[in-house]
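Below you'll find the structure, written out as structure tokens, and then a few comments.
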Amino acid sequence: MRTPEHPGVHVRAPGKINLALRVGAREPSGYHPLATVFQAVSLSEDVVARPAEGLSLTVEGRGCDLVPVDGTNLALRAAELLRTVTGTTAGAALQVTKHVPVAGGMAGGSADAAAALLACDQLWGTGLDRRELVELGAELGADVPFALTGLTAVGAGHGDVLTSAMSRGTYHWVLALQDEGLSTPRVFAAFDDLLDDEPPAPEVDEGLLAALLAGDPHELARHLVNDLTDAAVDLMPALDDVLAASARAGALGTVLSGSGPTVAALALDAEHAASVAEVLRRAEVAAEVLVVTAPAPGARVLEPVRAPL
Ligand SMILES: C[C@](O)(CO)[C@H](O)COP(=O)(O)OP(=O)(O)OC[C@H]1O[C@@H](n2ccc(N)nc2=O)[C@H](O)[C@@H]1O
Ligand SMILES: Nc1ncnc2c1ncn2[C@@H]1O[C@H](COP(=O)(O)OP(=O)(O)OP(=O)(O)O)[C@@H](O)[C@H]1O
């Protein structure tokens, strides 16, 4: 009797915001040392991996027109890397559904890579453990390990050396999304251009970690910081209006996420978040305004994909 074909594996992986992003001086490798606090949010990416000959990819959802579907796509690169490392000859048809804005500073591509790694690992039965997947993820991009682990974590090195951070409670964020993205290497290059002196070695403020431990959004708001803000505004001057409007909208605090242009505004609770979001929408400084909660879990397998009837 013929075994029915595997219906596929559905994995969801979160986008992130950086509650703090401290950046040091460019290293000879071209990378910058970072000290960052990541928080995974409820805006996430979906990847379904189905059995197939060879590797193929479709991308749908928010900003999908801006996403390459060739071998440079991070989800395809992740599947290819897993094949090389494990020596499997199995294939997969990957279906990516995007919700995280493309080039928005929220690591959507990295979430796709994390989700594809886990989905293909499950589909092919390669049986790598979480630690091995995280190591593979780091080869694909600095933000991929965090998309696998999720929740709240301190990132050192290039952002890929993670230590989990204790966090109490649920945080309510209002995200101001832009239509246009910002290129991460360009923002780091602008950061270098704006420097007068060598920046100090980056460190995360203990006050921020204490605020997370206490579950105190007022205290957390006081410690939000991003050293890439001036560089991102330099490349996209309209961001100044977004940051100002977010501050005026009554949020506890605001911060640029990663290399931008997404701006995150912290609210006290769900009701406050809805009112901040409404004020921001009326200010017409963002292409889209969303309310999300955090921390969210890392890449995880969802219910089995149903076989076609
Ligand atoms: C800015 C952050 O979003 C903060 O979370 C991330 O560090 C960016 O991570 P990412 O998009 O996964 O970045 P990668 O794909 O690893 O790097 C893209 C480019 O950004 C610059 N880059 C990135 C990370 C880093 N610590 N220093 C850098 O200078 C480098 O020019 C690099 O070639
Ligand atoms: N699966 C993917 N989804 C989105 N972009 C991808 C993907 N694969 C490759 N890319 C390329 O990577 C670029 C950056 O993608 P991404 O959306 O992850 O940016 P980002 O959120 O600013 O990243 P980060 O916060 O990690 O710097 C895109 O402009 C696109 O050209």
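Cβ atoms here come from the backbone N, Cα and C positions, even for glycine.
Any TrEMBL annotation is an automated prediction that lacks curation.
Worth saying up front: this structure is predicted, and the values here are computed from it rather than measured.
For Lys16, Asp143, the entry in TrEMBL reads active site. The ATP binding site annotation in TrEMBL covers Pro101, Val102, Ala103, Gly104, Gly105, Met106, Ala107, Gly108, Gly109, Ser110, Ala111. Sequence annotations record features per position, and here TrEMBL assigns domain 'GHMP kinase N-terminal' to 73-150. Positions annotated as domain 'GHMP kinase C-terminal' by TrEMBL: 209-282.
Among the recorded positions Lys16, Pro101, Ala103, Gly105, Asp143, the ones whose Cβ sits under 6 Å from an atom of ligand 2 are, in sequence order, Ala103, Gly105, Asp143. Not one of the recorded positions listed as Lys16, Pro101, Ala103 brings a Cβ under 6 Å of any atom of ligand 1. Other than Pro101, Val102, Ala103, Gly104, Gly105, Met106, Ala107, Gly108, Gly109, Ser110, Ala111, the residues of this chain whose Cβ falls within 8 Å of the Cβ centroid of the ATP site are, in sequence order, Gly15, Val100, Gly258. Within the model, the domain 'GHMP kinase C-terminal' (209-282) shows a mean pLDDT value of 96, rounded to a whole number. In this view, the densest Cβ surroundings among the binding-site residues Ala103, Ala107, Ala111 belong to Ala111, judged by other Cβ atoms lying within 10 Å. Of all Cβ atoms in the protein chains displayed, 26 besides its own lie within 10 Å of the Cβ of Pro101 (ATP binding site).
Gly105 (ATP binding site) falls outside any helix or strand according to DSSP and counts as coil.
All chains included, 31 other C-beta atoms sit within 10 angstroms of the C-beta of Lys16 (active site). Within the same chain, the residues at least 6 positions away from Gly105 (ATP binding site) whose Cβ sits under 8 Å from its Cβ are Asn18, Leu182, Thr184, Ala232, Leu256, Ser257, Gly258, Ser259, Gly260, Pro261, Thr262, listed in sequence order.
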